[in-house]
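Before any comments, here is the structure.
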Amino acid sequence: MASSLGGDERSEIAFFDLETAVPTKSGEPFAILEFGAILVCPRRLEELYSYSTLVRPTDLSLISTLTKRRSGITRDGVLSAHTFSEIADKVYDILHGRIWAGHNIIRFDCVRIREAFAEIGLSPPEPKATIDSLSLLSQKFGKRAGDMKMASLATYFGLGDQAHRSLDDVRMNLEVVKYCATVLFLESSVPDILTDMSWFSPRKSPRTRSNGKLVANGVRESSTSSSSSPKTDPSSSSVDATIVKNHPIVSLLTECSESDASSYDIEDPIDITTLIGKLRIGTLQTDAAEEAKTVRQQDESPPSPDSDAKDESFLGVNEVSVSSIRASLVPFYRGSLRMKLFHNDTPLHLCWHSLKVRFGISRKFVDHAGRPKLNIIVDAPLDLCKILDAVDAAAHNLPTDSSTNSDWRPTVIRKEGFANYPTARLHISSESNGDDTLCGTQVYQKEEPLGTNQKLDVSSDNLEKLESALLPGTLVDAFFSLEPYSYQQMAGIRLAVKKLVILLKK
């Protein structure tokens, strides 16, 4: 595809956002309903161009339940819009070869764009670099705005309500970045005063690393002398460096601590002179989910159950009083809060024996890294349904400061026409170990009725072993925690299995 928008350098930053229809069935794709983007001058932070359009999905069944949203997007409006194939050239022209920016775009919008181009058989646009303001601001701004969603950040800075329309949201995104950068710029100017007043601690100055060094302002400096480039004017580069270094937005987007840099390999370090001269901001690929995962590991969690010992931290059916279940907001990370579920004053963890597997593991469903989702569906007994319904009620009704438009997903799954056959999804965790995928949940097999637990080692090389052990009709003892989540316009309670005992019949 030809790219005609803007100059040959394509130096503008493309802030973009998608509005989508949330899948109603497992494995169903997201349907893009709206695309919006602005091109921003990286030196003056001035909006140079804007574009937005509603998008009609090729599969209209994906919007069969779409009603008028608070944002104003309606089914009739979507039905009268162009399909993605009809706007693909325009989207490509806006995005290809530019720096991409947006909120949670690495995990969501970038993936949806690539899927949309793949669906129509075209090569997707490729970014020069990517700036994900969710992960970036979570690192640099310290989560002072709670969950760091766009709505929470806008409320924090008094920018009004999030419109949930693509063009409005990308403009708000730019304003949020400006505000955050200004606060960080002011704090860096008088750190002894302003950082003491803040609940965010300033980051340590980076130290020397291989393939170059990191200087005080956090920008990678090439170990190669600037004189080796015949096109570089050292004097002008010095002046440009001073100007750009002091720009709060550029400082925010290029600063990188030693701990950040060590989290991923940089195969081709960018020469600092080229970086400043052309204002090509380095790619930021740190995953906000990894940061949250680290915090969760440091936070209180149920001890790993022994293979045969009684697991006292996990409550059984006769040990739970529905009236004692409550949800509460507890301190999480750098001043933010998260929801936690309790039974009286103890974190709520459950064990349930002889649950029958309704649907086993399916390789059709994978996570963002391409790993199979090791989830199973089990029949939910009446007593378990009562407890999970009470958990849903406590969590769903907990007042929070940050507004959300997430759809609440009940923990107990009740299909139309099968109300008397409720089920629940158990999440078996998977962990990456290089090229291998390991099962993070402790899995055992046990011969009934008096057998001992035998550890089942599971990796991507022998995933069939776990699949064949969890066929429909199999009975399992499950020990699980209840973890509230709110992600990609969906919220609910995840049943995260810590230990799973597969019961074998003699």
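Including glycine, each Cβ sits where the backbone N, Cα and C put it.
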Mg(2+) 1 site partner of Asp17, Glu19 (as recorded in Swiss-Prot), chosen from Asp168, Asp169, Asp345, Asp379: Asp169
For the binding-site residues Asp17, Glu19, Asp169, the one whose C-beta sees the most other C-beta atoms within 10 angstroms: Asp17
Mean per-residue pLDDT computed across the domain 'Exonuclease' (15-176): 89
Beyond the site residues Asp17, Glu19, Asp169: chain residues whose C-beta lies within 8 Å of the centroid, for Mg(2+) 1: Leu18, Glu34, Gly36, His164, Arg165, Ser166, Leu167, Asp168, Val170
For His164 (active site, proton donor/acceptor): DSSP state (helix, strand, coil): coil
Conformational class of Asp169 (Mg(2+) 1 binding site) under the three-state DSSP mapping: helix
